[in-house]
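A.B. asks: The structure that follows is given in the form of structure tokens.
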Amino acid sequence: MATTDTAGGGGAQDAPQAKRAPEAARPPAAAPPADATAGDRRPLHTVALVKQVPLGDHPGTLDAQGRLRRDGFATELNPWCRRAVTRAVELGAAAGGRTTVITMGPPAAADVLREALACGADEGLLVSDPELAGADCLVTAKALAAAVRALGPVDLVLVGRSTVDGGTGTVGPMVAELLGLPFAGPALTIDTAGADTLRVVLQLDAVTETAELALPAVLAVAERSCRPAKAAPGTWPDPAPIRTLTADRLSGSRPGTASPTRVDRVRYAAPTRRPVLLSGTPAEQAARAVELVTARAAAHDGPGPRTAVPAPNAATPWTGHSRAALPGPAVLAVTGSPDDGGRALLGEAAGLAAAIGGHVVAATPPADPVALAAWGADAALRFTGTEPRPVAAALAALVRGSAALPWAVLGGATPWDREVLARLAVHLDTGLLSDLTGVGTRPGREGRVLLAGGKPASNGSHADVSSTGQPQLATLRTGAFAPRVPRALLAPIPVAALDVPHDPHVWRWGREAEDDFDALERAGTVIGLGAGVDAGRYAEIEPLRAVLGAELAATRKVTDAGALAHCRQLGVTGRAVAPRLYLAIGISGSPHHLAGVDRAGTVVAVNSDPDAPVFAHCDVGLVADWQDVVPALTAAFHRTPRPAPAVAAAP
């Protein structure tokens, strides 16, 4: 990979000016269109892309090919897609336009279209063909983009933020790239700001910001944006205005067997925790629980060796600051948040680079190269702009123009990283492995070394996934990886600038921080709150949180209700963390949620129901009302000295 190199000695010009994610960056020359007024209206053709998923919290099961088994399970319209339907109908009807709803699946998936029609949509389009079975995100996005094109002119495509069956929020950005459109989301509010402009307030990981998008565009809708579109089956139209498109009518689509990513196997691992359920008064249970936690901490959390960031591969000596002298293939670590999850991302990238005899290039907005080097970077690529669409285009041009493709391109599981890598996957026509909680290598065909990943799948299982594409792209849930011991800086790393122009179709401003996104990944102790704890009583949890120095997290129901920020959600559709201690309070124990804490050192569960599923997946269980046992736990922990969390200090 060739760029123009400069010395990266860690001078002031390289240091980040503020800890802020790039989504907020509004180029100085940008301004909303001068002629944009709220009164300008025209009929809009809105489209909602929706998915049929297993009903409720049931995660479904996968077959041997890693495909979701639909037979034998009740299904429904994905809860987050319901918000996309609501907004599509509202925006279409407000200006006298129309709304089309599109889904992809077997013939039975037409039911979600019929429900959307009952909620006000004008027509449904079913993309259905056995050839599309087993489609991954890229092949799915190609089919959906082809279906949108088949409709003729479209003003706005809306999608849900994700799907509850393990979706990763990448299909929307991929569709946007395939259609050549801007993308934003998840949007809390959506308003027209002129005949061809939308104004939205975006709910990003830990901040909100205002943005304007030139139409046509693709927009993800936040779960707290509006009421979900719901209609009783008895109100669904029959017959319904639904057309079916088969693969031969989808220009540019591919069969599911051409998917560049695949599920190699699904593992149903035997439980590794041996639950100890307590009885007695709340005070007795609390005292015993603290004894057990302390004993486990002494046995498992001692000052043993921690994984260090591998030293640079010295097979070829560096020459000055030239990246051309760096050894082996490149692992490109792309992140818009180098100060947050970037540390874990670079550590895992360095581990992979060591395994293949390669090197790591950190591709980020301006950041301190000394810190990047300590965390695992052998060279740095500094973006001059931060809008995801032009960043992806610039990276694609760089990769295509390089003498050798990078072995892999990695990113975090943040909205910015996901959009950049999703668009990059389209540019390079390669697969994207999403939300990995484990990474490694395995041998492939013709001597290739493949990136091997693992992620939570369904019903407590884990999927081993890989990609046949080149380069291999993946997003990592950085919270699932323990911080590595930083390495000593041997020499200044080379730093090169990558020119990234402004996106003329997106304007952003008004960023407001709501939370500290990195807090959960830094935390040694996390308290998870479920629907069993009324949001109005969270103050009663505060003394326990304070004595433990803990961070709060939650289930999807809690964050969907707005009781805690979305960035605090743990699980298959949220985040994954690996604290030393996780306290689950008022949590029933859905496999979807527990997948986000399966790497926690010790799990303590508090629930008044002795049959709650969480008790089968914890280390210590307190069968009691939380409001009785939490004060007792607070007192017991206060009496017990606890070691400081073993979190590596920043260099």
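Positions of Cβ are set from backbone N, Cα and C atoms, glycine also.
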A.B. asks: Can you say which of 1-41, 288-328, 411-451 is given as region 'Disordered' in TrEMBL?
C.D. replies: 1-41
A.B. asks: What does the DSSP secondary structure composition of the region 'Disordered' (229-262) look like, as residue counts for helix, strand and coil?
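C.D. replies: Computed counts for the region 'Disordered' (229-262) are 9 helix, 6 strand, 19 coil.
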A.B. asks: By a Cβ-Cβ criterion of under 8 Å, what residues six or more beyond either terminus of the region 'Disordered' (229-262) are in contact with it?
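C.D. replies: Same-chain contacts beyond the ends: 65-66, 77, 82-83, 85-86, 89, 107, 110-111, 113-120, 122-129, 131-139, 142-143, 145-147, 149-150, 178, 430-433, 465-469.
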